[in-house]
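I have placed the structure first, in the form of structure tokens, so that the comments after it can refer back to it.
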Number of protein chains: 2
Amino acid sequence: MDDDTATEILGATFRALCQHGCAALTVKDIAAEADRSKATVHYYYDSRENLCREFLDFLCERYTARILDVDGSTPREELDSLLDTVLTDERQTPGQEFRTAILEIKAQAPYNDAFRTQLAKFDAVLFDRFREIIAAGIETGEFDSAVEPAVTAQFLVTGITGAHARHVATDRSIDQFSEAITRCVETDFRAETPVEATR
Amino acid sequence: MDDDTATEILGATFRALCQHGCAALTVKDIAAEADRSKATVHYYYDSRENLCREFLDFLCERYTARILDVDGSTPREELDSLLDTVLTDERQTPGQEFRTAILEIKAQAPYNDAFRTQLAKFDAVLFDRFREIIAAGIETGEFDSAVEPAVTAQFLVTGITGAHARHVATDRSIDQFSEAITRCVETDFRAETPVEATR
């Protein structure tokens, strides 16, 4: 028994969550997915709730690292790369199942302090990253100085959250939102935008 | 036993849903809230799933009526009134509990055809209403002809969905989004916008 086993169990939790959803997920499902006994899972995580919290921490850490890691030679490239990470990568298998599980966790947040704290922390990480990139783009003159970093970052995080939720609830494609955002960045963000291209 | 009882049970479902959440909701809770026996609830709705589906229909009908009813003497007034309906009214008690229950239902949608169909229908109603109002405003010359009704309506529905989801998941206020949208309408939608006010 070692730390690798603990991490392995979190990986199994991810796969079990995608298969069964959050509400129906049991320690038995996770043990089956990890090919371990329920006792082993309980040795590392003493309750289902504790396991779920640890899993969300693990997920947020991984996702935060990806968000902090996006790079590019200019703020515009960084912005494109970040949008790609949050909108494109998530479309990959098992994207839909995973997003559904995350939406279930969000719906549990008002009843679960640990979930709410972790989701708020992650929301803030995403917001800060967008705000920093936009501010850097204004600084270098790549983005229009009329773009307000904080307001725009709030819009982007809200829109991304909505695009994911609509995709789960109604099967509406994220691509449409992704294309609209890209067009918006092309026209609204660009410095010295001619008046006819401001939308 | 009459239609009023059936509607009364749906009202009790709403209150029970706000109290217990969707996943934990039982017919017993609904019966207690309606001050009826479980047998009476079952007489009208033969299964919990059937009751949940009927309840979602009932909710969407009421909400659709409110959305179609928004009026104003100009498209701009109609737009303000619609944004008020979807962003302000929902803040009222028991707004938070209700939005949480709706988010739970959204997270169930991939596993439930009836939920997904109804949520998609409602999503389309909201989208159509925004698109119509924006198109009417361009027609009357009140909104800038560069605003694209369909693209903008998608943005608004996505943003509203995201504002509600973020509010449930992280407790972030809807007001901030509401104010940002109002500013955006003030500046971006207005016909003959001077270039320095396009953001």
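From the backbone N, Cα and C atoms, a Cβ is placed for every residue, glycine too.
The DNA-binding region annotation in TrEMBL covers B:26-45. Here the DNA-binding region (B:26-45) has Cβ contacts under 8 Å with residues 1, 5-6, 8-9, 11-13, 15-16, 19-20, 51, 54 of the same chain, all six or more residues outside its ends.
If you look up TrEMBL, you'll see B:3-63 marked as domain 'HTH tetR-type'.
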PLDDT averaged over every residue in the DNA-binding region (B:26-45): 91
